[in-house]
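**Q** The feature compositional bias 'Low complexity' is assigned by TrEMBL to 18-28. Sequence annotations record features per position, and here TrEMBL assigns region 'Disordered' to 1-28. Taken from TrEMBL, the feature repeat 'HEAT' covers 147-185, 324-362, 409-447.
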Amino acid sequence: MSQLQNDEQKEQMGHQPTTGHGTASGMASATASTLLGGPLASGTTPSLALARSLAVPPSALLTMAPLDLFISQLSCDSSEARVDAMKKLNIVSDAVGTEGTLAELLPYLATNVAMEEEEEDEVLLILGEKLGDMVPGLIPGYRAMPILPLLERLAAVEETVVRDKAVESINKIVPLLLKDTSEGKFDDAAKEAAAASASAAPALLLAMAKRLSGADWFTAKVSAAGILPTLYRFYNAHSDYVAKHKLSSDTGPSDDEGRRELRILYKDLCEDDTPMVRRSAARHLGKFIEAVANLSTSPSDLSTAIPSKIAMPDDLRRMVVEEMVPLFRTLSMDEQDSVRLLAVANAGSVGCGLGRDPQLNEDLVFGVFQSGCSDLSWRVRHNLAKEFSTVASSLGFTDSRHQNRQIDVFNCFSSLLQDAEAEVRAAGVENIARMTQLGGPDLFLSHIAPLLPSLADDPVMEVRSKLAQALMDCCDPSICNALTDRIILQEFKPLLEGFLNDEFAEVQLHILTKLSRVSHLLNQMDVVVSSILQMSKAQNWRVREAVGRLLPHLAEARGVSFFEDHLLDPWLKLLLDQVADVRSACVVGMPKLLSVSGEAWMSRQILPHYTRIYDESSTYLTRITILRSYAALADEKDYVNETLLDQMLNLILRGLDDPVANVRMVAARGLGNVCKLCETPIIEGKLRPALTARLSDDEDDDCKFYAQIALDLCA
């Protein structure tokens, strides 16, 4: 027992390893300290209990080689110890280095862990994650092929999370196999190894895909569907790599032949008898089609750009039409709704894979899309509603010749917004802003605007909440700039009034936090302004915080006289709110209020109230809020004149002498912010002496720290 305690004390004191790669004992000490110093997976077992679980004398732990210690921990009976060891796999691999990992560590894992059928799923899950993390930090991409057989084994296990993590790591490693060594500090040996890896990788990856796709059990096939899109993109990149480096491709089948076989494998997965396999194939079909079409941008990213045709070679378009579209149509009509819902959501990828060609999309995709919108299963409609704007944008019905088809698309959208299932309506509402941008004001007014009142009165709060957010997104130029101010006032103003009086704070917050986007229209929204003033007394502090951030924008819209008559009292009450975030909202709004009102009005109407509050404060939190407000004015330096600056400095300098250390600290930080506005005589005559005195006389270390920072800024 005393020996164990002595070893533990050594760990806590910190055994220092030798520099560089050092000796084996030095590395062992460092690795042992790291492996044994942290808690186990349970979070409660100390390192002493871990040491007891190992089948070696405690005195030998700090002298064991890193790999031996790791193997010993993985070989013990304690599942917690094995999980803890696997969590430290990256530490062990760093200790043994790249060569040791490739020559010893990976073969051990392949033999004793990845191939062990009774190993805990948690150990395998961590292994799948750590193997992916080794590349490219420890193992260069062109040397990472030995990792893939381990991940292939993990991709076939029964536990879903383990398979998913293995697929994720494979998809991370495969693109790194083609490491470009033509530039950078690579010697001739590295370049030769990279070239050899690039030549051998396609055949090895294709063989792995065939083994997973042709496995007897469905688990491997499910994983195969997840990696085939990445393998296809690898073949695309490999063709470019071979052409760039002028490498020989005689070592195996050509890239064209490899791609053809991958398409056949994916077709077989789509037609598999097992629903789980077809479901996985449907889930990844969009990515596979994007790889076949060699798209560099995803459909979701393309949906935010101006809709236009995508230039692509005729042979790729023909592959999509002849081989991929039939798979899409078959899966979209599958008897299992769990397959259909995943398939129809890939209509956007199919449309982009067809180059956003409106005629091809009308002939091949639109029928499936239309059927999905009226599918008997609400889950299919729901999944399509979530991706609706992406799919609609990919169809390419933007020119005048296909205006009727675009109207049909908006009819489908309208049907989803009126769906009997609240989940479908909520998912459709999220697409309103992007659909408005896609269709323009005319289609918005004819197909979307008439449905807004009923959606605003929807009995389900989630629908109203998402609609409130969507309406404000329609007013955000970065998302939608299709609506004029007249349409916003006509269609949105009644809805905003209702949302601000909604019984749920979440609905109110979606409007309040983004109402500044229409601040220029608030002078025409009297009811909205009245609701905002009432909400300054709301019980929910987040609502009060949002009102505090909005009041300066109201001053901009209605004028400073309106602020003085109607908003000043709510503003001062929010400034003294018991919740810190509400007070901070008023602090953040000070620069905006200064830019709206001007320095003269600020000095005459606002700062006297602030000074009075400071003088009468009964708590240091109030004084901190006032000091932060004064310091925040410095952010609008163009509006700070000499009179205003003098008022700011006088109060902040008073804060340096406050009896509460927190106030003095905030005052010192404030001076650091304000000093950038001061001339040299003011700095030398007022700021520097006060900060120097605080630095020498203050007993609080934090105050001294911020006083020193402020002095450095003054310099």
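Positions of Cβ are set from backbone N, Cα and C atoms, glycine also.
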**Q** Using a Cβ cut-off of under 8 Å, list the residues of the same chain at least 6 residues beyond the repeat 'HEAT' (409-447) that approach it.
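**A** Apart from its flanks, the repeat 'HEAT' (409-447) reaches 303-304, 307, 369-370, 373-374, 378, 381-382, 384-386, 388-389, 392-393, 395, 397-398, 454-455, 458, 460, 462-463, 466-467, 469-471, 473-474, 476, 479-484, 487, 491.
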**Q** Per DSSP, what is the residue count of the repeat 'HEAT' (324-362) in each of helix, strand and coil?
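**A** Counts, helix then strand then coil: 29 helix, 0 strand, 10 coil.
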**Q** On average, what pLDDT score does this prediction assign to the repeat 'HEAT' (324-362)?
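**A** 94, rounded to a whole number.
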